[in-house]
């Protein structure tokens, strides 16, 4: 069976989309190719790396990438993770489905916010898998 492609997008491809990519590569790997990107690039947030490391997922080699139109047009699903990405997401081909899963931005917030958002993203991806 050919894998589908899911593309997670947030503002800076720094926290939320990086954590979503890390979780999805673990949870959805059998059925989905997983990518993430941002409207801008802010670099991968070190606290996002640490938050994922805490649950045994290594995203330290991830890079902060701009949206790639080739990945978009070959995606089955684009998931925006913040309102900025939802509003500024490039127009999608008609065959690409889009969903918005809004999460708070943990950047600049206490460590507990990174943990909370990380865990909320995991739950959303697990719920998506069980659909």
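FYI, residue positions are counted from 1 along the chain as it appears here.
Backbone N, Cα and C atoms are what each Cβ position is placed from, and that goes for glycine too.
Since the structure is predicted, the reported quantities are computational estimates derived from the model, not experimental observations.
The annotation active site, nucleophile is assigned in Swiss-Prot to 10, 82, 89 on the grounds of sequence analysis. The annotation disulfide bond is assigned in Swiss-Prot to 10-82, 82-89.
Feature map: annotations from Swiss-Prot on the structure.
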residue	record	DSSP class
10	active site, nucleophile	strand
82	active site, nucleophile	coil
89	active site, nucleophile	coil
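Counting other Cβ atoms within 10 Å of each Cβ, the active-site residues 82, 89 show the lowest value at 89. Annotation for residue 10 (active site, nucleophile): same-chain Cβ neighbours under 8 Å, separated by at least 6 residues, are 16, 17, 36, 38, 39, 80, 81, 82, 84, 85.
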